[in-house]
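Peer 1: This is the structure I want to talk about, given as structure tokens.
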Amino acid sequence: MGTSGIEIFAALNDFTDAIVSVPESVCGKFTSLKEIDAQVRDIRQNVIQEIGVVLKNEKNDELSGEERCERLQKTLKEILPYSDSKICLATDAMNNIKSCIDRLDAGFEYVELEIPQQLRLGYPDDRALMNYHSTVTPQTSERRRETRRHQNNQHSQQYSSQERSSSYNNFEDASSPQSSYHTPTKRRKNAVPRKSSSPPLSSTKHAPQSTERRPVRRSESRLKQTNGEPLVKHDTLDSSDISREGEQLYCYCQQVSYGQMIGCDNENCKREWFHLPCVGLVEPPKGIWYCKECEELAKSSESRQ
């Protein structure tokens, strides 16, 4: 027998029932409040009439002024029970809404665990995200390309053949997290897989650690193996790629590093790192991966050739 939707999404159904129960729990209270208001309006009209008679103070009135005041006071006292009833009804309605909110808060975590992230967040609007490309000035792009070329030149001078051999041996033993970062030429030549469905914390470019605020770059990691100092300096980064807190911005969404991210294999990629939900991925793919901009650029270059 197949499993019904109620059994699959039990937490979601309970969450929906809590939302549906909000109008039912307060509708009766509000109806009673309207009925009390109607009764109070009738008494209010009687009070206004009594006040008018007292102010006129007619001599031929059947009741004296004191009797009229006592009668007015008695009428006013009739309103007090209605006021107490309205306070009780409003308090009950507030408590019912509060209990529904507490129920929603308690079940929200289970709903997130029950529904996959891809189904909850959906796929991003690629065209909307691509609008950022039009806001980047040619001068900014040229500065970034110049910075990348400078970094690659420094890296090629510092990374000797002996260090490449040592890094490759350490990568096979999986004993050192620093040995997992190689140049693209070295990785493809030795047929070392660049990505996997469940990569180690520091063994792949496509899975930076979620605890770090900024993904590790290839050139930066490799320089740490040689002299312990990062190659990329903060003063070489463009101001448009820095957040207000001074952190590097990545991806189409122009946010800081968080969660699981994937890196583009194009050395001249403008954004470098991308959040998996922003590119429509659930887990890092195997093999070489390019962002849509770099992929379209490569296709246009091939068509020209």
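Cβ coordinates come from backbone N, Cα and C, glycine included.
So Swiss-Prot has the following annotated:
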type	residues	note
BINDING	Cys251, Cys253, His275, Cys278	Zn(2+) 1 binding site
BINDING	Cys264, Cys269, Cys291, Cys294	Zn(2+) 2 binding site
COMPBIAS	153-167	compositional bias 'Low complexity'
MOD_RES	Tyr181	phosphotyrosine
MOD_RES	Ser197	phosphoserine
MOD_RES	Ser198	phosphoserine
SITE	Tyr250	site 'Histone H3K4me3 binding'
SITE	Met261	site 'Histone H3K4me3 binding'
SITE	Asp265	site 'Histone H3K4me3 binding'
SITE	Trp273	site 'Histone H3K4me3 binding'
ZN_FING	248-297	zinc finger
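Describe each of these features in terms of where it is and what it packs against.
Peer 2: The secondary structure of His275 (Zn(2+) 1 binding site), as reduced to three states from DSSP, is extended strand. Taking the Cβ of His275 (Zn(2+) 1 binding site) as reference, residues of its chain lying under 8 Å away and at least six apart in sequence are, in sequence order, Tyr250, Cys251, Cys253, Gln255, Tyr258, Gly259, Gln260, Met261.
On its own chain, Cys291 (Zn(2+) 2 binding site) has Cys264, Asn266, Cys269, Arg271, Phe274, Val279 as residues at least 6 apart in sequence with a Cβ closer than 8 Å to its own Cβ.
Cβ neighbour count for Tyr250 (site 'Histone H3K4me3 binding'): 23 (other Cβ atoms within 10 Å of its Cβ, all protein chains included).
Of all Cβ atoms in the protein chains displayed, 24 besides its own lie within 10 Å of the Cβ of Met261 (site 'Histone H3K4me3 binding'). Secondary structure at Met261 (site 'Histone H3K4me3 binding'), taken from DSSP and collapsed to helix, strand or coil, is strand.
Its Cβ taken as reference, Asp265 (site 'Histone H3K4me3 binding') is surrounded by 19 other Cβ atoms within 10 Å in the chains shown.
Every protein chain considered, the tally of other Cβ atoms within 10 Å of the Cβ of Trp273 (site 'Histone H3K4me3 binding') stands at 22.
Across the zinc finger (248-297), the prediction's mean pLDDT works out to 87.
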Peer 1: Using Cβ atoms only, which residues of the same chain lie under 8 Å from Cys294 (Zn(2+) 2 binding site) while being at least 6 residues apart in sequence?
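Peer 2: Sequence-distant Cβ neighbours: Cys264, Asp265, Asn266, Asn268, Cys269.
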Peer 1: What other residues of the same chain, not counting Cys264, Cys269, Cys291, Cys294, have a CB atom within 8 A of the CB centroid of the Zn(2+) 2 site?
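Peer 2: After dropping the recorded site residues, what remains is Asp265, Asn266, Lys270, Arg271, Glu272, Phe274, Tyr290, Lys292, Glu293, Glu295.
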Peer 1: For Cys291 (Zn(2+) 2 binding site), which DSSP three-state class applies?
Peer 2: coil
